[in-house]
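Let me begin by presenting the structure, written as structure tokens, before commenting on it.
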Amino acid sequence: MENTKGRLVAGSHNRNEFVLINADEIGRVTSVKELSGQICQICGDEIEVTVDGEPFVACNECAFPVCRPCYEYERREGNQACPQCKTRYKRIKGSPRVEGDEEEEEFDDLDNEFDTGSNEHRDPQHITEAMLASRLGLPTNASGIRVLEMGSPPLNPEIPLLTYGQEDVGISSDKHALVIPPFMGRGKRVHPVPFTDSSMSLPPRPMDPKKDLAVYGYGTVAWKDRMDDWKRKQNDKLQVVRHEGDSGNNSGDDLDDPDLPKMDEGRQPLSRKLPISSSKINPYRMVILLRLVVLGLFFHYRILHPVNDAYGLWLTSIICEIWFAVSWIFDQFPKWFPIERETYLDRLSLRYEKEGKPSELAAIDVFVSTVDPAKEPPLITANTVLSILAVDYPVDKVACYVSDDGAAMLTFEALSETSEFARKWVPFCKKFNIEPRAPEWYFAQKVDYLKDKVHPTFVRERRAIKREYEEFKVRINGLVAMAQKVPEEGWTMQDGTPWPGNNVRDHPGMIQVFLGHDGVHDVEGNELPHLIYVSREKRPGFEHHKKAGAMNALVRVSAVISNAPYLLNVDCDHYINNSKALREAMCFMMDPTSGKKICYVQFPQRFDGIDRHDRYSNRNVVFFDINMKGLDGIQGPIYVGTGCVFRRQALYGYDAPIKKKPPGKTCNCLPNWCCYCCGSRKKNKKGKSKDNKKTTKSREASTQIHALENIEEGIEGIDNEKSSLMPQIKFEKKFGQSPVFVASTFLEDGGVPTGATSASLLKEAIHVISCGYEDKTEWGKEVGWIYGSVTEDILTGFKMHCHGWRSVYCIPKRPAFKGSAPINLSDRLHQVLRWALGSVEILLSRHCPIWYGYGCGLKPLERFSYINSVVYPLTSIPLIAYCTLPAVCLLTGKFIVPEISNYASIVFMALFISIAATSIIEMQWGGVSIDDWWRNEQFWVIGGASSHLFALLQGLLKVLAGVSTNFTVTTKAGDDGEFSELYIFKWTSLLIPPMTLLIINIIGVIVGVSDAINNGYETWGPLFGKLFFALWVIVHLYPFLKGLMGKQAGVPTIIVVWSILLASIFSLLWVRINPFLSKGGIVLEVCGLDCN
């Protein structure tokens, strides 16, 4: 197939079309690593695979996971017993004999038993090659050993050796560090790969084993222990296989570790939990329990003391209060175990980035989604892309995919300009280590950039790059202006070819590789990350599932082109504010102890451009700094749609790896009769363990290498546990009919098939983004982003947690991502409406957490949080009813509570104090200010009385009647200024319910006070409770009132009209009800004056 030469690739698999318009040579070979899947419990390294293809087992009694180097070291210099069951280690075939070993009769292993080292086929190098080659199916050489290209590095001359027999006069006594065992025929490598170097011959040195090591100048015992720890690490758990043919020649790369002094730090955990201090969390839990008790007393009093003359008001209030209590329980108890986390980026570098060697950090595919450039300005998207390309991460490990679901040529051209500017911007960012790396926000910082960067080179280059960025903005804005008027015949490209996406609803799939192909470097000659434009195919009659469908298309196309094991998705207006954000996520994902069970790492959302008072609670800090920390202590935070790093295997619908329980101890210390009593039970356990092993194998992703021939012909002939348990037809039913994509799902560590050309991969990429690819598959049901709701984020995270995965909440000191938020009232209400509508759709679907996912890996408190996230729109009905009660009470002279006794006063006061105490302690351990907490409370009432109610009605109409309704927003007026958008008034029907509540409560207050003035001081006592109730509603709706007033320059006419209309209606009702007159009518008295 012809080379694509960096041109745009468009086509339709269904129509058998493949057009080269404008893509590049992106096919690359990625090494695949052979792992056994088990971790040594002593050194933390992977346990190697034996010649028979099975993991190495040191102890046959309890199967405690120990790697071979630790096993041999324990037998040679330790207590020669298993660390768990204390059973003495038996000699395993291939290991040297030690004192105390019994005579073996089941196998003949004289060569290895005494380590003669002369047999070529018993050489550890051949054994290692046979072990890996038998697992990978590599070709064999003339001697019968399969060829594996593995470097055989020379010994590091900087680390000395000490041998028996004769002292090396060239080594000073103060530098001796390592003792070579007497049974080794040759010097052992300081970097102990499982084979020796036949070219090395070291002079012996005499030594008396009974003497202390310090006598010979070997250093301290601590240094020797440190060297032993270092040696155990060197049995590399990642055996790199280079696909360079079958020559089998050693490359001679140096495998010695130059970071020996830092090894202890590099082996430490990459993150840790920071529990909330007991001085804060214990009082918090006590207050919650006390609040539960007070709630019980409160409802006991309220239910047993009805108001007979206002029974309807009393019953309504009781129902509302019970619902509020239930909602509080669902919201409160998931915050029972709040935690914080801390990452260690230096340990991540020590572990996976060694000087002079390629980085071992995992690759990451970054997804940016956009639809309409009119609503999502291309300049904002360009800044997000630039911040991704300049991230502090190895360039060959990052690929940025931009999904243009609107197939807009404006987005395509803007991305082309962005790729050109990135060649100048990326080296500037990395050279001077600036933050943030989105140019718009970097240059907008109101800081003195000369404060720390006083070098003239920085000043000169900063001014130059700023001029370049201003010119870049002019070009982008010029494209935006040009796109305002679409030609009648549609857009055409520079070569005269019609733009394939002229018809937004009917166009082929398009892929363009802007950066990452051969010959495209930055201005300093360095490589750049991949930048790939993707627009999936759309045809009439197909369901495209909006953002969730676009994200699933990116999952598939990225699996074909780069197939990174981890994915980051961000909205087009969320730029990377912390260039080390990806490293922060990898501290959790790549942690060897806890990383395997993590499905995603969620970062909090932070925003720019919000007014200082945050009138409409756009920052949402109560949710991100309190609720999410609480969830992190259970099973992890919920997915919020952006700023989240995923494990690709978790998105494929696989279950989380099951943590194996430690095997039971042997009964060596128990009487024999106990063994006979427990015999049948042990057999049952063995049967269960075998079943568990099969289940585990079927769940774990394999790391097999798939040749291109095998991939193109299907998945036949692949030696893989999954493929043996699940035939090809099941894979196609789950993932779709793309053998290349199906084969990529087996590669847990990522990588693309070897030998694949760019043209073949791009043709397959066009196939997987075709509009009918997902038909009759599990995409959107069990695989990828889940369909069925406009808030696909909650549903997707919920399904992952149901599969047993856990998530992690990462809050770096510098915010990882920042975005823009709607700051005017109408736009904010519509945003909340969309979120609430998605929750209603989930509530009415089969994936509702109230009844879905029992018997799986979802924890009860995590389920509470998901239930709370889907039922909260139902609170709008009792909230509106409760906010109406004060006005009704003031207008009728009735109240929802009878005359209050001393006991009732104490209960009410205790309830208010417990509510205040809970909030205050939450603010303390969450680090939330009282202003942010109060804004959140206010907008809970505003959103609940407007957006949540309309979402509930719209969701019911959509799900039950199939009727879709939209609430349009119309801009009415605007002002210039820094926060001009804050004062823009946009009329929408969402404003009607809260405005009505506000007006009737104000009227109720006026009427109640007037009546008290007319009737004297005796009526003021009962009035205080009603006034407090009404003022509570008015104060919560105060930001709404400010939003209606605009910039206080004048009240909009629409507000005046609605106010007069509603006031007139209530005035007429007031006259009709006339509550202050007795029900028996007007009492007429005889006039005392004689008028005659």
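Backbone N, Cα and C atoms are what each Cβ position is placed from, and that goes for glycine too.
Record features (TrEMBL):
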type     : residues                               : note
DOMAIN   : 40-86                                  : domain 'RING-type'
REGION   : 240-271                                : region 'Disordered'
TRANSMEM : 284-304                                : transmembrane segment
TRANSMEM : 311-330                                : transmembrane segment
BINDING  : Ser369, Lys375, Glu376, Asp405, Lys546 : UDP-alpha-D-glucose binding site
ACT_SITE : Asp405                                 : active site
BINDING  : Lys547, Asp571                         : Mn(2+) binding site
REGION   : 682-702                                : region 'Disordered'
COMPBIAS : 689-700                                : compositional bias 'Basic and acidic residues'
ACT_SITE : Asp793                                 : active site
TRANSMEM : 870-891                                : transmembrane segment
TRANSMEM : 903-921                                : transmembrane segment
TRANSMEM : 941-963                                : transmembrane segment
TRANSMEM : 984-1008                               : transmembrane segment
TRANSMEM : 1020-1041                              : transmembrane segment
TRANSMEM : 1053-1073                              : transmembrane segment
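Feature annotations (TrEMBL) mapped to structure.
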{"residue": "Ser369", "record": "UDP-alpha-D-glucose binding site", "CB count, 10 Å": "23"}
{"residue": "Lys375", "record": "UDP-alpha-D-glucose binding site", "CB count, 10 Å": "8"}
{"residue": "Glu376", "record": "UDP-alpha-D-glucose binding site", "CB count, 10 Å": "20"}
{"residue": "Asp405", "record": "UDP-alpha-D-glucose binding site", "CB count, 10 Å": "22"}
{"residue": "Lys546", "record": "UDP-alpha-D-glucose binding site", "CB count, 10 Å": "14"}
{"residue": "Lys547", "record": "Mn(2+) binding site", "CB count, 10 Å": "20"}
{"residue": "Asp571", "record": "Mn(2+) binding site", "CB count, 10 Å": "22"}
{"residue": "Asp793", "record": "active site", "CB count, 10 Å": "24"}
Legend entry - Positions whose Cβ lies under 8 angstroms from the transmembrane segment (870-891), at least six residues beyond its ends: 310, 313, 316-317, 319-321, 323-324, 327, 330, 794, 836, 839-840, 842-843, 848-850, 941, 944-945, 948-949, 951-952, 955, 993, 997, 1000-1001, 1003-1005, 1007-1008, 1026-1027, 1029-1030, 1032-1033, 1066, 1070, 1073, 1075
Inset, instruction - Using C-alpha positions only, work out which of the recorded positions Lys547, Asp571, Asp793 is nearest to Glu376 (UDP-alpha-D-glucose binding site). - result: Asp571
Inset, instruction - State the residues, same chain only, that lie 6 or more residues beyond the ends of the transmembrane segment (903-921) and have a CB under 8 A from a CB inside it; answer 'none' if no residue qualifies. - result: 280, 283-284, 287-288, 290-291, 294-295, 297-298, 301, 305, 332, 897, 933
Legend entry - Remote residues contacting the transmembrane segment (284-304) - C-beta distance under 8 A, at least 6 residues beyond either end: 317-318, 321-322, 325, 332-333, 336, 897, 903-904, 907-908, 910-911, 914-915, 917-918, 921-922, 925
Inset, instruction - Measuring CA to CA, name the entry from the recorded positions Lys547, Asp571, Asp793 that ends up nearest Ser369 (UDP-alpha-D-glucose binding site). - result: Asp571
Legend entry - Nearest-integer angstrom distance between the alpha carbons (Cα) of Asp793 (active site) and Lys547 (Mn(2+) binding site): 10
Legend entry - Segment confidence, the domain 'RING-type' (40-86), expressed as mean pLDDT: 80
Inset, instruction - Would you measure the largest Cα separation among Ser369, Lys375, Glu376, Asp405, Lys546 for the UDP-alpha-D-glucose site and round it to whole Å? - result: 16
Legend entry - Other parts of the chain folded back onto the transmembrane segment (311-330), taken as Cβ under 8 Å at six or more residues beyond its ends: 295, 299, 302-303, 864-865, 867-868, 871-872, 874-875, 878-879, 881-882, 885, 888-889, 894-897
Inset, instruction - Pop the Cα-Cα gap between Lys547 (Mn(2+) binding site) and Asp405 (UDP-alpha-D-glucose binding site) into the table, whole Å please. - result: 8
Inset, instruction - Report the residues of the chain - excluding Ser369, Lys375, Glu376, Asp405, Lys546 - with C-beta within 8 Å of the mean position of the site's C-beta atoms, for the recorded UDP-alpha-D-glucose site, in sequence order. - result: Thr370, Val371, Asp372, Gly406, Lys547, Ala550, Cys572
Legend entry - Spatial separation of Lys375 (UDP-alpha-D-glucose binding site) from Lys547 (Mn(2+) binding site) - C-alpha basis, Å: 15
Legend entry - Three-state composition of the domain 'RING-type' (40-86), taking helix and strand from DSSP: 10 helix, 4 strand, 33 coil
Inset, instruction - Provide, as an integer number of angstrom, the distance between the C-alpha atoms of Lys375 (UDP-alpha-D-glucose binding site) and Asp571 (Mn(2+) binding site). - result: 13
